[in-house]
């Protein structure tokens with residue numbers, strides 16, 4: 001769990017996302033409160049519950065991007081899901097408890113990766129011994145092994161092919177649902193899980209280069225040194241206390257006014273979400289998981305429906321409400337130039353791989369922003385995503401001919417941009433911009 005201060009979290013988000021200060025502050029405070037709760041002891045620690053967040057704002061203003069960046073910052077089990085993917089319990093489809101099962105798998109992956117780093121030195125030596133066994137045999141003399149070990153570490157044997165024994169494992173085994181046992185009880189059952197012990201001791205021979213053998217064996221040796229039971233328990237603890245779920249497209253499951261009749265992917269899903277967000281115990285194949293202290297961040301554009309169309313109980317379980325503002329022309333210019341991996345920087349880097357030096361002038365950036373604003377206002381406002389479409393149109397010809405122009409420097413100014421998107425700016429052909 002990261003211990004960034006709210007100011008540091010906002011500063012980190014500012015590197016990638018323009019504007020939306022209120023939303024950044026809300027998620028920063030929520031993330032810091034996770035750390036604060038960990039510092040409490042005993043009864044008070046159990047009593048402090050997370051304040052779940054509802055982010056409201058038009059499409060393309062940064063709701064999903066905030067969640068993506070937050071996941072990297074959190075250092076905690078984090079899962080982003082679309083609310084529209086779930087159906088009411090009892091119907092065909094995924095029920096909402098699958099969210100927690102998926103979150104546990106994310107947690108196990110995080111903890112296992114950390115434990116692999118902890119045992120990396122020992123695993124490295126064990127993997128090296130297995131490569132030496134493949135090169136000179138298990139019964140070779142220590143003198144021979146030492147000589148080959150030096151060559152191996154010097155990289156002299158990298159291109160030599162060896163045959164190694166690796167775990168056959170049960171990966172790739174099919175998944176199936178047990179009839180009469182819906183996901184609420186156990187979820188999809190993997191044959192690999194059921195037959196894991198039977199397959200656990202099986203190995204298969206593979207012929208690989210020495211340089212490729214070491215990474216393969218390193219992961220295998222690290223997993224041998226890890227206590228899998230302890231890993232699972234640690235992961236469940238991390239999920240229960242630090243887990244974060246980002247529920248996107250929550251507006252799509254709101255029951256709109258004037259509609260009646262059953263809809264298994266709308267109100268039923270909201271009802272199923274209530275206990276999950278309030279706090280319940282979900283059965284997983286790794287054991288029961290309590291959701292009381294999992295933080296839920298919901299977001300939606302609410303173009304057609306309103307937040308008040310959600311069930312009142314669900315609204316009450318999302319007490320912190322943040323509205324994100326629509327982006328302006330000035331925001332578009334900043335998105336193109338100031339963010340760490342802006343579209344301009346990405347385009348320059350991509351053309352650089354072809355040996356083409358791309359120079360996009362400031363007035364070209366202004367022109368791209370102008371076109372994006374104009375098309376957003378006349379067709380459909382899809383926010384910052386419009387910039388990607390305009391940028392692709394501007395660079396379309398160059399992207400196609402770049403392999404033939406290696407060594408050239410291509411300058412793009414406002415006139416070049418207007419020439420490429422002239423028909424679009426005049427509303428002559430907007431079909432390419434309707435996503």
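Cβ coordinates are placed from backbone N, Cα and C, and glycine is handled just like the others.
Binding site for ATP per Swiss-Prot: 60, 61, 62, 63, 64, 65, 248, 313, 385, plus 18 from the candidate set 18, 106, 111. Between the farthest pair of Cα atoms in the ATP binding residues (18, 60, 61, 62, 63, 64, 65, 248, 313, 385), the distance is 33 Å. The binding-site residues in question are 18, 61, and the one with the fewest Cβ neighbours inside 10 Å is 18.
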